[in-house]
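What follows is a single structure, written as structure tokens, with notes after it.
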């Protein structure tokens, strides 16, 4: 056993020799991607000494870890079980992701733009998508999440951010073609910044020797929420159910609303102008019954018996709009977790 371990160490040492020049200090724009590149190269070297790639992937996360049909099935199951009041999201996201994963000859990356008020499930759905493709979900090294106010805070640095963003995407797709990129707070992103990734979303077979056609891009935004609510209220006031709402009832209006919204990172964006966003996915505002569903699931997930009185009390304490009708929760299910901590002695 000692001899085998020694041989493996020696082999790894030889494999890593070409990487030594990369370890010297450098004025790289984004050193994180350099670290990933080194890690990716080291992982590639290691797999060369293991004759069974599946065995290696059992211990170490690999790119394209799950078969595409399994990923699509996991996505459908989780959305059916965990997402409430979003029939359009369920239908569109499952069809879009499943079709993309099962297509062996995609012409461009998949680009989904999720829109709606806070607490309606945008982050939750992006998390489920990540988990359906990679076992570690958002913690996977092949899933990359950007938050506008955290990663791109200064308007005067927009040119630097553009360079960094392009380098990051290029480097990570080179390591793993099925990379997933999530951009949160698009409504707070500086106008023009997101257009820097336009070449990666376009219909190119290769860019500098790299194909981006297997990558997935997800954009999250509150922009367009007013238009979504307007359509939902019209249906309600005309005596029609939310389930009667179809994607065609709002997708075009939603894309125009986002494109013309000066407070949106998509303001006059070439991504919209060139039709590079495949789906604008509307998240409807949640009703009282959906809030109760969220509370119930959260209690059960913590392993506690559901107290119907507390469940109802929590739902009643949420604020709803419009003020007269009180139909929709103004925070969706976002504060459910905190309210449970108050009522239950966890």
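Using N, Cα and C of the backbone, Cβ positions are placed for all residues, glycine too.
Here is what TrEMBL records for this protein:
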BINDING   116, 117, 118, 119, 120, 121, 122, 123  ATP binding site
DOMAIN    286-343  domain 'Torsin-1A C-terminal'
SIGNAL    1-28  signal peptide
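Remark: of the binding-site residues 116, 119, 121, the most isolated position is 119 (fewest other Cβ atoms within 10 Å of its Cβ). Most buried of the binding-site residues 118, 120, 123, judged by other Cβ atoms within 10 Å, is 120. One way to see the shell of the ATP site is to take the Cβ centroid of 116, 117, 118, 119, 120, 121, 122, 123; the remaining same-chain residues with a Cβ within 8 Å of it are 124, 222, 283, 332, 334. Note: the domain 'Torsin-1A C-terminal' (286-343) comprises 32 helix, 5 strand, 21 coil (DSSP; helix = H, G, I, strand = E, B). Around residue 117 (ATP binding site), taking its Cβ as the centre, 24 other Cβ atoms fall within 10 Å, counting all chains.
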